[in-house]
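What TrEMBL says about this one:
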TRANSMEM  A:6-24  transmembrane segment
TRANSMEM  A:31-51  transmembrane segment
TRANSMEM  A:57-78  transmembrane segment
TRANSMEM  A:85-102  transmembrane segment
TRANSMEM  A:129-150  transmembrane segment
TRANSMEM  A:185-206  transmembrane segment
TRANSMEM  A:218-246  transmembrane segment
TRANSMEM  A:258-282  transmembrane segment
Amino acid sequence: MDAYLIAIGTIAGIYLLLALGLNLQFGLTGLINFGHVGFFCVGAYTSAILSTKGVPIPLSLAAAAALAMLAAWPLGIISIRLREDYFAIVTLGFSEVVRLVVTSEGWLTNGVQGIAGIPRIFRAGGGEAQAVLMLGLTLAFCLISIVAMMRIVRSPFGRMIEAIRDNEEAVRSLGKEPARFKMQVLLLGSMLAGISGALYAHYIGYISPDQFIPFVTFQVWMAIIMGGVGRISGTIAGVLILMFFLEGSRFLRDVAPFIPEVSMASIRLGVIGLALILFTIYRPQGLMGDFTKR
Amino acid sequence: MKLTRRQTLASLGLAAGAGLLPRLALSQDAGIFRIGALNPVTGAGGPYGTGMQKMILAAAEMVNAAGGAGGRKFEVFAEDTQTQPQAAVLAAKKLIDVNKVQAILGTWSSGVSLAVIPLTNEAGIPLFHCSGAPALSVAPANGKKLGYRFQATNDRFGRAFAEIAKKEGFKRPATMAFNNASGIGNTEGFTRAWTAMGGEVVASVVYEPAQPSYRAELQKILDAKPDVIVTGSYLADTTIILREWFQTGEEIKWIIPAWAANSELVKALGPDVVEGIISVDSISNEGSPAFAAYDAAYQKAIGKSGLGNVYAAMAWDMVIVLALAMEAAGPGADVAAINAKMREVANPDGTKVSNFAEGKAALKNGKINYEGASSILDFDEFGDVTPDFAASFIRKGEIKREYQVKL
């Protein structure tokens with residue numbers, strides 16, 4: 001049981017990093033990023049390729065974060081001045097471009113065959129000790145990001161990006177240039193996605209292009225919408241709810257043994273869908289939603 | 001209103017937690033051997049996963065009815081991989097850590113098997129899969145020799161395509177592959193086998209999925225004037241490609257894997273377009289008594305002929321081979337001892353048997369050789385099997401099998 005909970009915790013931590021980045025971009029700044037998985041993918045592949053070539057893992061992790069930011073930068077220049085819905089389309093396109101590049105450049109990424117045998121971050125000790133260390137590392141990254149987010153929210157920078165979200169024209173009339181702030185937010189969020197991707201690659205040990213489909217982005221969106229957009233507590237709650245439904249439903253059969261094994265999988269998807277609908281109807285602000293604004 | 005919702009959530013959580021208790025209590029029973037059925041019930045493998053899972057359950061029930069294997073009865077824990085590596089990893093962790101399974105059976109796509117096999121290796125338990133990727137044969141994936149492949153490798157599929165192309169007398173083949181591991185694996189396997197026979201492939205393209213038109217790719221192939229086009233494709237893209245080819249009016253033959261060249265394709269395009277297409281599939285060990293037993297179980301569980309789901313036949317064999325290996329290893333044997341018996345009960349030089357009860361009886365008088373429902377099921381040093389293949393021709397809208405190909 002322990003090892004399974006540790007596995008869930010690790011995956012939840014990886015999703016939490018993704019969700020924190022997206023919450024910074026959408027929840028706080030109002031950037032509709034439909035291409036979050038693109039940066040996740042860049043991070044995963046960077047760290048996987050470097051570490052299988054013998055680069056020490058701390059370096060490959062740093063490279064993953066840096067490269068994800070680097071990938072976001074030109075995208076930002078092109079699209080940050082666009083209105084938000086255009087930005088959404090550009091980012092969605094970007095994530096598909098990343099996936100296609102990774103699929104096609106077989107000399108670097110092994111194409112559709114994917115990269116197998118990605119080294120684990122902690123090699124010493126048995127399976128159990130490794131898993132605990134991995135969980136610890138993931139949660140440490142989450143904790144650092146959460147503390148950083150909380151500081152950002154309280155800082156002048158945080159008030160600025162929230163102002164951009166609420167009324168961009170007003171910000172401009174005060175003599176501030178929103179584009180610069182949006183770029184910084186985009187880079188920060190992408191960095192988190194890059195780290196998250198690197199952790200994912202080392203944790204799963206095998207990556208292929210079909211793991212980086214837009215569905216991953218939308219899972220993260222589901223999490224922050226259920227939890228409460230623009231709230232850090234909401235992001236955490238959202239990821240936990242998502243994991244609870246995805247994994248908890250595996251145990252549904254233990255309470256309802258009359259459901260045949262084969263129907264279980266379909267019921268699980270149904271339960272998640274139903275939960276999303278109920279949230280939208282009864283709690284559109286999300287579980288931890290901010291009721292003071294809008 | 002709010003309170004009610006919270007209460008509902010809380011009770012749901014409690015219920016899920018409480019549900020764990022009976023399962024954990026069960027894990028102390030000694031006469032039980034737990035296996036995990038980890039199948040693609042949803043996602044791309046959806047058409048096969050349900051049948052696979054039902055066959056694992058049916059075969060386990062049959063083994064239990066015959067008195068169990070090595071004095072133990074099977075208990076099956078079923079999970080869905082969603083045909084996604086990440087979901088499969090969590091499901092496998094749950095099977096290994098919560099349900100304490102001692103073997104995982106029936107992972108389907110290569111991505112899933114490659115992601116799950118490090119976990120089964122770590123736990124020291126076997127993984128029986130039906131994935132095509134060559135990487136699953138060797139270290140690191142199969143470094144511990146605990147992985148067994150019940151499906152032909154993509155490479156063997158390619159070799160079967162080449163044998164058929166040679167037999168049909170083609171001289172100038174070209175290839176078109178859907179851009180994923182399986183599509184490219186087929187055409188690369190073909191190219192390797194064909195060039196090894198001294199032939200030449202005149203053109204090849206790899207195309208992206210989900211395009212509305214493949215005219216550009218097709219034109220590139222047609223410009224090289226091939227006499228046959230070998231594909232590694234799926235139904236949706238094959239439909240579009242063939243329609244666009246037919247409009248060009250060029251006289252060309254096609255060799256297409258059977259999961260794309262099936263009755264759905266004939267229905268979508270009409271008999272004129274698909275006339276003469278050669279459809280290739282690995283075939284179950286049809287006509288064998290093991291297949292008859294599987295087919296009867298499949299009819300009973302699904303209500304359709306077992307011919308339509310080769311992977312379900314593999315899943316059926318997985319349980320029976322495992323049971324025979326357990327029986328051969330004797331009561332109370334650990335997983336390593338059972339693993340050591342796998343080839344002994346499946347490979348030649350023993351009494352041929354076709355079901356568990358028969359094998360159990362024959363094991364008392366020496367070695368046995370299980371001839372499975374999915375193939376004759378002889379594992380090579382990598383744990384791979386070599387099924388037979390069949391070439392079927394589409395004539396007047398009917399798909400007719402004309403001959404078998406043995407590699």
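The backbone N, Cα and C atoms fix where each Cβ goes, glycine too.
These figures come from a predicted structure and were not determined experimentally.
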Beyond the flanks of the transmembrane segment (A:185-206) by at least 6 residues, Cβ under 8 Å: 10-11, 13-15, 17-18, 20-22, 24-25, 28-29, 31, 33, 36-37, 39-48, 51, 57, 60-61, 64-69, 71-73, 75-76, 80, 114-121, 134, 137-138, 141, 145, 161
Same-chain residues near the transmembrane segment (A:218-246), Cβ under 8 Å, at least 6 residues beyond its ends: 8, 11-12, 15-16, 18-20, 22-23, 26-28, 36, 146, 149-150, 153, 162, 165, 268, 271-272, 275-276, 279, 285-290
Distal contacts, the transmembrane segment (A:85-102) - CB-CB under 8 A, six or more residues away: 31-38, 41-42, 45, 71, 75, 78-79, 109, 209, 212-214, 217
Spatial neighbours of the transmembrane segment (A:57-78) far in sequence, C-beta under 8 Å, 6+ residues away: 38-40, 42-44, 46-47, 50-51, 90-91, 94, 98, 119, 121, 182-183, 186-187, 189-191, 193-195, 197-199, 202
Outside the transmembrane segment (A:31-51), six or more residues from its ends: residues with CB under 8 Å to it: 18, 21-22, 25, 57, 59-61, 63-65, 67-68, 71-72, 84-85, 87-99, 102, 108-109, 115, 118-119, 182, 185-186, 189-190, 193-198, 200-202, 207, 209, 212-214, 216-217, 220
Residues of the parent chain within Cβ reach of the transmembrane segment (A:129-150), under 8 Å, 6 or more residues beyond its termini: 3, 6-7, 9-10, 13-14, 16-17, 20, 23-24, 120-123, 192, 195, 199, 202-203, 232, 236
Residues of the parent chain within Cβ reach of the transmembrane segment (A:6-24), under 8 Å, 6 or more residues beyond its termini: 33, 36, 39-40, 131-132, 134-135, 138-139, 141-142, 145-146, 149, 152, 185, 188-193, 195-196, 199-200, 203, 216, 219-221, 223-224, 227, 229-232, 234-236, 238-240, 242-243, 247
